[in-house]
Amino acid sequence: MWELLAKGDPEVYEIVMKELGRQEEGLELIASENFVSPAVMEAMGSTLTNKYAEGYPRRRYYGGCKFVDEAEQLARERVKKLFNCKYANVQPHSGSQANMAAYLAVANPGDTIMGMSLSHGGHLTHGSPVNFSGKLFNIVSYGVDLETEVLDYDEIERLALEHKPKIIIAGGSAYSRIIDFKRFREIADKVGAYLIVDMAHFAGLVAAGLYPNPVDHAHIVTSTTHKTLRGPRGGLILTNDEELYKAINKAVFPGIQGGPLMHVIAAKAVAFGEALKDEFKEYQMRIITNAKALAKELENLGLRIVSGGTDTHLFLVDLNPKNVTGKAAEKALESADITVNKNTIPKETRSPFVTSGIRIGTPAVTTRGMGESEMKVIAELIVKVIDNIQDEKGTIPEEIREEVKKAVHELTEKFPLYKDLT
């Protein structure tokens with residue numbers, strides 16, 4: 001596939017090949033990562049990358065947009081069908097930019113926004129002080145009940161009544177339970193707030209009908225197009241309100257972006273088309289089954305799972321009982337070709353760069369075709385590594401590392417990833 005790259009720039013080609021090898025040989029358990037289809041990849045590498053197309057279909061600031069208009073319109077129509085909504089903007093370059101545009105469509109800098117605390121499972125763009133959201137807006141954070149580790153809706157309502165936010169954000173990057181969007185909308189209506197749902201992590205589950213559709217309750221829904229949706233890296237915004245749609249479009253362009261990435265939008269259209277097929281629902285069902293099985297097996301082997309389990313594609317592991325940090329666990333596992341990410345947890349006492357937990361997700365290994373029996377093997381390998389961590393650097397005995405790495409490679413060889421890309 002990359003013959004011209006190999007000939008024209010051997011250095012970049014070598015990097016691409018090394019990354020391909022890493023993905024093929026390793027176990028990818030980062031919850032926000034997945035493997036796109038070759039068709040999605042081809043669309044991203046198409047001639048559409050050459051075209052500037054500021055504006056929207058049939059309302060561009062450049063000529064020659066006849067065919068990119070078709071690509072964007074196709075992406076819009078497919079995603080509207082996928083999520084049963086009236087209006088869609090598929091131009092955001094990322095989930096973060098989708099969130100920024102959604103906020104600026106209905107609020108002004110200095111307004112109050114309520115979002116889930118990062119340490120409780122939220123996202124940087126939900127009000128972190130180091131993010132644009134925390135710098136532009138007055139932030140009120142909510143979280144989970146520290147005993148049950150699930151959302152405390154009564155406390156969320158109390159905070160909303162006290163602070164009267166302009167926006168309430170629901171959704172997160174590390175929350176493993178089903179979110180009650182109906183309750184969130186009731187709270188928002190009580191204080192006259194806009195409800196914005198960030199479904200970036202569970203969009204694929206929503207598309208498959210395995211997670212409540214936030215479009216039914218939210219004023220605005222944002223998402224990435226990768227993660228469980230298994231498309232290219234990018235963002236999207238949905239709404240059923242025509243006036244909000246107009247405001248969203250202005251916020252995206254000319255508000256925060258210039259020319260859209262038409263090659264990525266075409267790849268989004270391909271991914272949405274794939275998600276409309278029956279086999280996509282079966283795939284999403286396997287993701288959840290695998291996540292539940294992996295969490296349960298890890299628990300059986302002595303690890304503590306935050307909130308006691310998962311309803312989705314991901315879960316958090318509390319490493320405090322093991323006296324191991326998330327940073328050390330991430331490094332140790334990566335040395336054995338298992339990738340996870342360190343993650344803050346409720347009652348967090350460590351820095352976000354160290355953390356007390358790790359986040360684990362099953363979309364990527366499910367894409368490879370792995371099932372419950374493989375989750376049992378993976379759990380055993382994870383625990384073997386964690387139980388043998390010797391220091392904060394994530395050092396493990398060489399014989400353990402090589403034993404686990406060998407088992408990982410034997411497993412991934414049975415479930416090849418991209419057969420025709422080398």
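Yeah, the Cβs are placed from backbone N, Cα and C, and that goes for glycine too.
The secondary structure of L124 ((6S)-5,6,7,8-tetrahydrofolate binding site), as reduced to three states from DSSP, is helical. Per Swiss-Prot, the feature (6S)-5,6,7,8-tetrahydrofolate binding site maps to L118, G122, H123, L124, E243, S351, P352, F353; the stated evidence is sequence analysis.
What Swiss-Prot records for H226 is site 'Plays an important role in substrate specificity', and it gives sequence analysis as the kind of evidence. Around the Cβ of H226 (site 'Plays an important role in substrate specificity'), 26 further Cβ atoms fall within 10 Å across all displayed protein chains. DSSP assigns H226 (site 'Plays an important role in substrate specificity') to coil in the three-state reduction, outside any helix or strand.
The N6-(pyridoxal phosphate)lysine annotation in Swiss-Prot covers K227, and the record cites sequence analysis as its basis. For K227 (N6-(pyridoxal phosphate)lysine), applying a Cβ distance below 8 Å and a minimum sequence separation of six or more within one chain yields A31, S32, E33, N34, A200, H201, A203, G204, P363.
Counted over all residue pairs in L118, G122, H123, L124, E243, S351, P352, F353, the record's binders of (6S)-5,6,7,8-tetrahydrofolate, the longest Cα to Cα distance measures 42 angstrom. Distance noted between the C-alpha atoms of F353 ((6S)-5,6,7,8-tetrahydrofolate binding site) and H226 (site 'Plays an important role in substrate specificity') is 24 Å.
Look at P352 ((6S)-5,6,7,8-tetrahydrofolate binding site): DSSP puts it in coil. Of all the binding-site residues listed here (L118, L124), the one with the fewest other CB atoms within 10 A of its own CB is L124.
A Cα-Cα distance of 16 Å separates H226 (site 'Plays an important role in substrate specificity') from H123 ((6S)-5,6,7,8-tetrahydrofolate binding site).
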